[in-house]
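Residues annotated as transmembrane segment in TrEMBL: 114-131, 151-169, 181-201, 233-259, 271-293, 313-332, 365-383, 403-422, 442-461, 535-562. The feature region 'Disordered' is assigned by TrEMBL to 585-631. As annotated by TrEMBL, compositional bias 'Low complexity' applies to 601-610, 618-631.
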Amino acid sequence: MEAVLQTKGLLSLPSKPKTKAFYPLPLGGLRHRLNSGHSLNTLKPKPLNGLSLSSNGFQKFQCFTTKPQLFGQKNRFFPICKAEAAAAADGQPLFAEKEPPKFMGIELVTLKKIIPLGAMFFCILFNYTILRDTKDVLVVTAKGSSAEIIPFLKTWVNLPMAIGFMLLYTKLANVLSKEALFYTVILPFIAFFGAFGFVLYPLSNYFHPTAFADKLLNSLGPRFLGPIAILRIWSFCLFYVMAELWGSVVVSVLFWGFANQITTVDEAKRFYPLFGLGANVALIFSGRTVKYFSSLRSSLGPGVDGWAISLKAMMSIVVLMGGAICFFYWWVNRNVPLPTRSQKKKVKPNMTTMESLKFLVSSKYIRNLATLVVAYGISINLVEVTWKSKLKAQFPSPNEYSSFMGDFSTATGIATFVMMLLSQWIFDKYGWGAAAKITPTVLLLTGIGFFSLILFGAPLAPALAKFGMTPLLAAVYVGAMQNIFSKSAKYSLFDPCKEMAYIPLDEDTKVKGKAAIDVVCNPLGKSGGALIQQFMILTFGSLASSTPYLGGVLLVIVLAWLGAAKSLDAQFTTLRREEELEKEMERASLKIPVVSQNDNGSGSFSSGSSLNPAGGDSTSTSSEPSSPRSL
């Protein structure tokens, strides 16, 4: 035995094994597992052919086989003991591989990705909430401006700058590495927000063309207040656009592009939902931060610009969070290896606008899905701008307005967190159709209350006074509830419903339909509400005068939304039933091969027909699984 084991040092056991455990041979030893007529000392190393295989593919007994001959090597046989395979066949591995280190059931390599990604996402969403609340305060409460500026700002400033940025980003992506592209995009954002808080806002009175804007307003009339206000407070409008781009560029393009680059599909399925919950935690904390700094004015002396001081503090936090984002990105690139990717690429159809419109018209299913996307975009814009105009009337001071928006962001985060926890139960108990109708129903009910308080507030004033509220304050609170519940329902129910609706479609319709909706419906939904408001303002003179008509437009759009959701639910259910029926038919027609063993222990496959190419009798093999034989 020792002579065989010491041959050329081919089999050597470590004197002090550390990471692998050696298990003793089963009772009886190696000699009793070989034929009794042969002595171990008389064994000659030679290949053993025709070994029987058990059902799990391992050799059933220990043996000696030859080492594979290398190129240019003479015919020399070296015996290698296959004890490990035999032990594995008996359920007792000879050598136990060391598992990767884990913490709370998660591999440390995975944690090195997920924890920095979660921290990056928290910082990005924390900044976005501060910037989103601040941009509304700046453009709505500025002198010579109002909420009527927002539709014009979104259409004529935000949209062109977003298109220009994406063209520039595409060109930079062709010449820069991914890491250089990330820093090239995010650093100008951080520099601008820092410069705005400490330079642009304090000096805004020196370079804003206030006198020229007043002259234009006197000559054109108050109905052009919105477009003229863009010129009057151009630096505030630039901040508004940069804050909007932070949400679309840094969140959607930079973060999710980086996350998809370094994570596997299994990791994404497990941890991406947690990022959504973490985003709402960031919403809660950032809302409290806005509330705190907006309340600083009460502790300052007279003549001090409290809004300027709170703005400097919030922009300082934005810059610090931006530095943390860059640090986490740098650390992950230096310490986390990239996963291997398949070289197979998916082909996405490049559809023009006209091709997308033709495809939308040709499919009722896609038309209904497109109606959902467009209706949400228009509805939320119609309500949000009208609500912000009432919000300014109730809280004209920038600090009061900002403080209220901090509470609003915190409430939105809490409501969305709760709705995300309830969404799975809603899908399981009530199905896709009920989940898809919740968002328009919430918008319809709260919209009726909001516009009723605006239009019929005077008769309700005595009743509201008993609760210590005016009709204006009640409209502000109801509008806030509408925005909170509609946004939380959108994140937790509307978005999952929209993506689930693509699943039962055939591959061609699925890909082309999504491309058509991305090309046509998303921009139409975002700018449709702004265009309607612009038309109303220019026609009736102000946003307040057009409020009754906006309420009517909202009612029509939400009813069309509910009708499309009902129609889509019936089609979605039908397609799901057809898909399940096809799967059942496929399972019924499949004949699954069963591994059985013949008398000498060798494995063979048994199914409805013989798999022997020589045409042997399929009944010669036993249909019952044979028990393991002791050797």
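Note that Cβ sites are derived from N, Cα and C of the backbone, with glycine treated the same way.
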Is it true that the transmembrane segment (535-562) and the transmembrane segment (365-383) have 3 or more CB pairs under 8 Å, sequence gap of 6 or more?
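Yes, these stretches are in contact.
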Sort out for me which stretch, of 114-131, 181-201, 365-383, has the most Cβ pairs below 8 angstroms to the transmembrane segment (442-461).
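The stretch with the most close Cβ contacts to the transmembrane segment (442-461) is 365-383.
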Given a Cβ distance threshold of under 8 angstroms, which distant residues of the chain, six or more beyond its ends, lie next to the transmembrane segment (403-422)?
129, 132-133, 136-137, 276-277, 280-284, 286-292, 294-295, 391, 395, 480, 483-485, 487-489, 491-493
At a C-beta cut-off of under 8 Å, are there same-chain residues at least 6 beyond the transmembrane segment (313-332) that contact it? List them, or none.
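Same-chain contacts beyond the ends: 112-113, 116-117, 119-120, 123-124, 126-127, 130-131, 134, 179, 182-183, 186-187, 189-190, 193-194, 196-198, 258, 262, 289-290, 293, 296.
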For the transmembrane segment (114-131), give me same-chain residues lying six or more residues beyond its boundaries with a C-beta closer than 8 angstroms to one of its C-beta atoms, as numbers and ranges.
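Result: 106, 193, 242-243, 246-247, 250-251, 255, 258-259, 262-263, 267, 271, 274-275, 278-279, 281-283, 285-287, 289-290, 314, 317-318, 321-322, 324-325, 328-329, 331-332, 336, 409.
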